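This report concerns only the one structure given below.
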């Protein structure tokens, strides 16, 4: 069952974000003005993120309501009735050898069960969701800002090492430890993707025309990229911590995180804030959202790709949070990192595209890492089945 679920999650993430990337590419080209004589680009990344987080919270809420038990209270549906959830979790864990989510998300030295009252624990949980949302809201601008100083291939190469900050922040922030083979898999996948991207034929993008490429431009860009990766690692490690401590579902987490992201980005986009480097680059009397809405009014052709971008991103997040809940952040990051590589390998099979020797070596290293993970999982499943058979034999002999 877990293999089937993982396969569906991988298929869902790959397909939805392939469509999402198509919509994102469409949003990067100029749109025609209603006067029919000029074209302009849509530049509000903050507005794009807000639309996606808003639709993501709505899709998560719809999923929760449709799949929820009849007669359940709103707080129970949204994962805030932690007393009853803990009782259900304890009863289910007594039938198995440990919590599945604890295993896939690593184990921490601190106690995994909250000892406070339900009310205070709910507030703590909401603060955790707000913390993750703040990390996400802060991470995106640093990623965009980095591209003003470094080339896109450099950005992709840096992002291919995302597994390292994820596992590092798990250890630093929550003292979580993983099975020894996980560190080997992380090293192999990171090295393989780095080799694959580094030996590709992608040409560097042109340098920015706004004069930001100075003598220290590359250094600034790499610094922004490192901050982006650290914040991404903090997001994934905190999500793991929430799953282990509070036993919420992926869709409940998706709803709250995207709701808080919507509120935070709306505040950044609507308030007349002064110029803040990276976080709020625009300044003036008009807010960023006002400019974005004005653009949509004068360029209505942007609406369809904007809806496609937000909707595919929202549906993709349903699969992402399902993966997070059942398989942990390391598995999720491996899926998202290998998506581009597998797409390029598939293009070789379908369209006779060419890969360099270095790219084939990188792909081989990644497949080797994934094979190690699959081999260990198979051994664990086999050992569990043997143990279950022994327990059944003992019960029959009584």
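Here the Cβ of each residue, glycine as well, is placed from N, Cα and C on the backbone.
Features as listed in TrEMBL:
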REGION    89-119  region 'Disordered'
TRANSMEM  45-66  transmembrane segment
TRANSMEM  129-150  transmembrane segment
TRANSMEM  183-200  transmembrane segment
TRANSMEM  216-235  transmembrane segment
TRANSMEM  255-273  transmembrane segment
TRANSMEM  302-320  transmembrane segment
TRANSMEM  332-351  transmembrane segment
TRANSMEM  357-376  transmembrane segment
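Sequence-distant contacts of the transmembrane segment (129-150), counting only residues of its own chain at least 6 positions beyond either end whose CB sits under 8 Å from a CB of the stretch, comprise 45, 49, 208, 210, 212-213, 217-218, 220-222, 224-225, 227-228, 231-232, 234-235, 238-239, 242, 253, 256-258, 260-261, 264-265, 268, 278-279, 281.
Residues 179, 181, 184-189, 191-200, 334, 338, 341, 344-345 of the same chain lie 6 or more positions beyond the ends of the transmembrane segment (357-376) yet place their CB under 8 Å from a CB of it. Stretch with the largest number of CB pairs closer than 8 A to the transmembrane segment (302-320), among 45-66, 183-200, 216-235: 45-66. Long-range Cβ contacts of the transmembrane segment (183-200) within its own chain (Cβ-Cβ under 8 Å, at least 6 residues beyond either end) map to 153, 156-157, 160-161, 163-164, 167, 330, 334, 337-338, 341, 356-359, 361-370, 372-373.
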